[in-house]
Every structure is written in C-alpha cells, then in structure tokens.
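Worksheet for the structure shown next.
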C-alpha cells in the first residue's frame, strides 16, 4: 500500500559539512493507511450515525439535581450530528489521502473526537430514554479505568527495563484475591491493601526468576502465570472462600474521600475529586512514575537497560538486578489495581473477577506508547468504552448487549492494530540479557 | 599509570582464545595490538575491561595486582574502552549516554546540566564539536565514536582501549581519529589501539604487539616494514594481491538505471543510481559501511522494499520481482552477514548447501528430500572448496568463520550464473580462506559472468576490482579505474564526485568502449 516518490520538498544533503552532516536526503514515504482508516470510519459514520439515526434529539445532562451549580442540559439532534460527523471524517480522509503520509497529532485527535462523540450521540439515540448524565458517564469511566491504569503502569515498569509482562492479569487477580482474604482475616482494609501489593509482587517474583534468571521465554511464563493464578484462586474460592464467606471473603471498603470545594465544580468535580482513596493514589502514582522515568538516575538506567542492556552493562549498571527490582516494583503497582476490585468496587472476591482487564491494560500500555501519561489516557478510553456499555444497557438501547460488550475489545483492536501509526517499544524488551 | 597483563589465558570451553599473553602498556604511549580477525585481541581487552574473567593470569596497575569483576570496577581503576560496536543507547541524547552509570544528581532528580558542561569542556579541548543534546541515532558514526571517547574521558580514564576504531570511518575521519589519539597521548592518556590495518598501525603507534592465534608473536617498533608486520600477523609470507589477467570485457550484461531505494522512515538509502557491468568484469563497490551498499545488493536480488528504477540483466527486467524469481534468473548472492542471512546455523553443511535448490529435481522427489543426493553434493563442495568440517552432517555453526563463508560461496557458485553479487565476501575470514575465496571470484569472472563485489576494505577492492564504484550517502560518486590512487578513493568516499577529484585525464577515452554511463551524482 506504500509507494515511494521523491517529494518536491526533499533537500539534498549538503556536501561541504561532511563530518557532521546528517547523512542521506530523505523523502516522504507515501502511505495511504491513515486515509483508508479514516475512510472506513467515515463510512461507518455514514451508515450508522447518519442514515440509521434515531429521530429527535439526545440530551446530555451536565449537572444532577443535587449539584450546587446547575448547568443547562445539552441537547443534540441525532441525524444532524450524524451528518456533521460523517462530513468531518470524510474531509479528514481526503486531507490524509492528499498528504499521503502519517497524520499530524491534531488531525488524529479531531478524528477521535468526532467518531467517539458521533458514536455516543447515535447509540444514546437508540435508547428508550435518550438522556444521559455526562457526570455519571465520566465518573464511571474513571472508576473502571483505575485498575487498568495501575495494571499498565505495572507493565510499563517491567517493559521499560526490558521484561515483557503478559502476567498483568495474574497480578491484578492475585492482588484482588490477597486483598479480600487479608482484609477480612485481619479485619483491616489497610492490611488488605498491603496484602494486595505483596500478593502481586509474589507473581512478579515468579516472573522475574523464570524470565531473568532462567531465561525462559517471557511471554510463555506470563501466560502460564495467568492460567496458574486463575486456577489457584478459583480453586481456593470454591473450596474455602465460598463456604466461609464471612470469615474469609467479606472485606470492608477503603475510605471514600470527597474533597471540599473542588468536588463542587460541575462535571469534572465529581469525576476527579469524589472517589475512593485508591483513585487519588492512582494520580500520584502516574505522576511519580513519569517523574522517576524521565527525571531520575533510576529512570535513565531503566530506559537504558530496556533499550541497550549491553551498553548499560559496560558502564557498570547491573542489568539483571535492575530488571528484577523493576519487575517487583511493577508487581507492587499492579497489586494496587487488584485491590481496587475487592476493596473499592465490590466487597468480595469472585472467580476470575478481573475478566481480562490485565490484557486490556497491556493494550493500553502499547496504545499509550510505553509512556505513563499515554498509558493513563489509553486506559481512560478503554474505561469509557466499558462504562458506556453498562450505562446503555440501563437505558435500554435496541443494540444487542453482546455487541456492546464487545465494544472495549473492538476499540482495543483498532487502537493496537496501529490506526494511529506504529508504536516503537523498548528495543530490548523480551530479550533476556546474557553476559558472555 | 602503568598497566601490565601477566600470563593471561582465556578459554571458552575447549577453545583457547588467549594463551599466556604478556603485555605492558607504559604511560604516555600508544600501544598497538595488531592481529587478524579472530586472533584474540578483543577477547584480551574484554578480559582487561572486566567483561570476561581470565582463566588464569593477572592484571597489575602500577605494580599492584587488581581484579575486576565488571566494567564498573575497571572504569573506577581508570580504564576506559571504546567498543567496536558502539555501546550507545540510540534513542538517548549524547548527555544521557554520557551520564549513564555515572550520573550527577540534584536531590532525587537527575542533573544533566553538569554532564552537559563536562561534555562541552572536553569537546572544546579536543575540538570534537559534539552537541550534548543531539540524539545519538541521528549522528554520523564518526561523531558517535567521539561520544564514546567522551564517555571514557568523563570517567577520567588513564588508559583508553580503542577496539578496531577505524572500521566504520572514512579515510578522512580516520586521520582525524589518529590525530585525536596523538593529542590524548600528549595529554597523558595511554592508548591501546586494536587494529588489523597495517597502515594506521604504523602511522600512530609507539609500540606494536602482534598477536596470532591468541599468543603474542612479538613486539616491534612502528618502523617495521609492512611486509614484516603482515608476515608476523599471518605467520607466513602472504601476497595480498590476487593474480588476475586484466579484464577485456565489452558490452554490458547488467544495466541498472535510476535505482532508488527508500527506507521505511523516508531516508533515501540508494539515491538514483545508474551503472552497468560487463560480462566478465568485476565491479567493486567501495565506501564506508552504511552508505547504501547493503541496500544496493538487497535491491539487486529483490530483498528491498520501496524500490524504483530498473535493473536489467541481459535485457530481462528484475526490479519488482520476488527473490526466488531473481535467483532463478541466474543471480548468485552472498549476503553481508553469513551468520544471520547466509546460513541457517543449526542446519548441517549439506542442508545449507541446498537452501536455494531444495526444490530442484536433483534434490527432491515430490514432497521429500533426496538426502543421498544432498550428501553427495555436499561432499563434492567440501572437496572442491576445501571446506574443513568433520562431516557434511555437522551443523554449520561448528565450522570456523572462513569455512562457513566457503559454504556460502560454494552454494552460490554451484549454479550456472548470469550475475554474481557478493557483499563483504571475506569479512571475518582468515587470510588463507581470503586468498581462496578471491581466486574463486576471479575464476567466476573469467567464465564471463558479471560480478559485483561490495567491500568496505580498500585492500579487497584493489585486489579484485576491474572498476571501482564509490558510494557516499546512498549516491554513486562515480566509477573509476582499478588503479585510482587510494587518496582519490578516500576523497570520493567522503563525498567528492569523480569529476571533482580526477583531473580530466585520458582514461576517459581508453575506457569509453566498455563504460558509457560515466559518473552519476544526484
């Protein structure tokens, strides 16, 4: 699908500054991938959002009845907005076809905005009561994204130092399990939180030993761990937890904190400043991981070990020790995400309750290009998709719920398949480091 | 600082890489370690740098015995090393690479400004012109090498080991490096210079230690003659020239017109190149590594993507065809890296010899292979190419580099060819095998086959070429006769066109009959 032509703006490399000149001349590689992707989106928009739109308007409620500040509701005519989206996406597709190369960031954001809002308006339009609370939609998205964010940050700590972590699912699940049991037995949620961290680190320890010390293929170890933890927790749940739920499986919940004033801000107040303590820990963790990765000695070494372990080794950085430490830290972070399930979301452990969130977290990590902020945003998008599904089933949409349930996974595939361009991961990820 | 290696022996399993090596590096000295590829020079230096542990023997600094369990300790003791393959993180900036492992910090955060200032200081002192905030992968190799030297100097190295530092440099960059080495010596840094290039060694060394097959063969001064050094290095008298009759090729069998190869990221790797090769002629492609030669050969055999232009072999268009079609059109190809592209390491010698012909009736009946025929074929190749192997069923990975390369050459020359393309045909091969391979290549030419040889070693280019094509930044700087002086080639390899470097000499007329394409630049 790509061809080459010397673009007119290409410049010849200057011949005089030979020792410092940056090598060869470059031309644009013509690619029609973004144009085709956008054209498909425009077609979907045409068929669904414009031609199959419901009559009337949908209502987006910006404030709820109890709020201090009341904002008027936003009413959007469904058919008209469907046409707006179709035309906008078609225009972007034409723009991409004319450019014939990868798109600037603003165009991607614009395309994403139009498609997501177009979808939202269309699907809410199909509901029996076409009215939706924006606050509830967003707050639920953040809640559902929380374990994904912790999971992808945990994966990030592993992968940036060169260890592929497929076992995020196992870490979340074992964290959730450990938190439920420990919090019930000790009758203290904080013990539960600590147990989640330790339990998830145990999973990491196994991953570290097999993938770093014994150099077993990291993907295989990860998959095995996922199956192992699922089976183990499922077995203990069926034999111990279920019959004695009061003794082992009824943890209290972590405290919920509402920040005064800030939580009163319309729409974003309830979304960001009225949640469980683990939500606040999440924001702090993202900030810490970002700062540590890009601004500290540890971060420099971590990134070096993930890109070129031998270079780091020749400078006296102990590659495998650093990797082990990072994998354990990754487990600790993922464990916090696991605790969210049993100490915040529901007050009990159930079999396989993470239901694939670990894999979505992995996808968020890749979609977010191995960057903490990117992983945060990708996780929020996936959280939004899942939350939309549950809200719509409440509203009674005519779209079958099975299709809605597929939504987050379709978003994942589209995102990871590289509609937004190839992402370049750490060069040495997945490769064990062997000292000769 | 005086550095001594005493009786160093390093064994890998049954293979002895270094045997009882003694070496003394005096302060203020450029000490050269001269030896062939595989003589054990790099192993010795890795022992010194703490990357390998010696099987026996000791290292002394200023008379005190020391042991290094890792490069960190060697660096702390004042030893720095610039590896043959740079140890730089490509996506990092210069400052990040220099800081790594030796980071200045301010509170919990990284303090890159201190590192930047140190880089500027060293850069100014030696005239390096290195920008601390440049991303390393965007820098030319010569500058990357300076970053490596800065890394060692920032750590206050008193002994600097340079492992084959000129392999990736243009002749001009090489001269600059040799000057830097002299400057460093005069400022008090001792230098261990590892090389197999006699000219450079003679130009810069104070003392030369020759190593052959892991043992010290002798220590000589820089005034020793080139022939003597070569004999010491190889162990016998060698003629580095190949006996060949001048080519009397006429016409053109291969015509390449406006060939352009663009990389995935839009970099033009081969830039609008046109040339022709006559039957029975060797066109040697010279240039510093990474100037488009690899991509040229890959385009010729159909391995490259984003190719435009025309490749006509005896009138038949090859551009845009698949690799199998190109091979069956009669093209033989020796890739640049035998271990990753030329051979399947765990496969046996006989399997590797039919990798491109396993479908032929000779070796297959229906879906099954004729193992007997394959073995017979292998036995013949082993005999006629003098491949030293215990058995044709032995995995090819158990053979030495030279014998592995002979397997590749034997496979590619076993078919009747209309074009032979060989990239770095003798890289990492012992001198005996080099002579043999060169003879085979010349024999193929004498059969009337057009031959393209890509080599970064000018000695090899001179040994084989009937004409020399020089590449720079993907562009063809010109095609010149085989007797063009080294200095002229060097200037072309650094980006001057043939028109600029050659006086309007009468050679144009004498060669007009066989080369009509002349020089071509973008």
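Glycine residues also receive a Cβ, built from the backbone N, Cα and C atoms like all the rest.
A TrEMBL annotation is a machine prediction, not a hand-curated record.
As annotated in TrEMBL, transmembrane segment covers the listed stretch A:403-422 rather than the other ranges in A:383-402, A:403-422.
Same-chain residues lying 6+ beyond the ends of the transmembrane segment (A:162-183) with a Cβ under 8 Å from its Cβ atoms: 147, 150-152, 154-155, 189, 191-200, 202-204, 207-208, 211-212, 218-219, 221-223, 225-226, 228-230, 233, 236-237, 241, 248-249, 251-252, 305-306, 309, 323, 326-327, 330-331, 334-343, 348-349, 352-354, 356-359, 361-362, 426, 428-431, 433.
Of the candidate ranges A:35-54, A:74-98, A:105-125, A:277-294, A:327-350, A:327-350 has the most C-beta pairs within less than 8 angstroms of the transmembrane segment (A:219-241). Contacts between the transmembrane segment (A:327-350) and the transmembrane segment (A:131-150): present, as 3 or more C-beta pairs lie under 8 angstroms, all at sequence separation of six or more.
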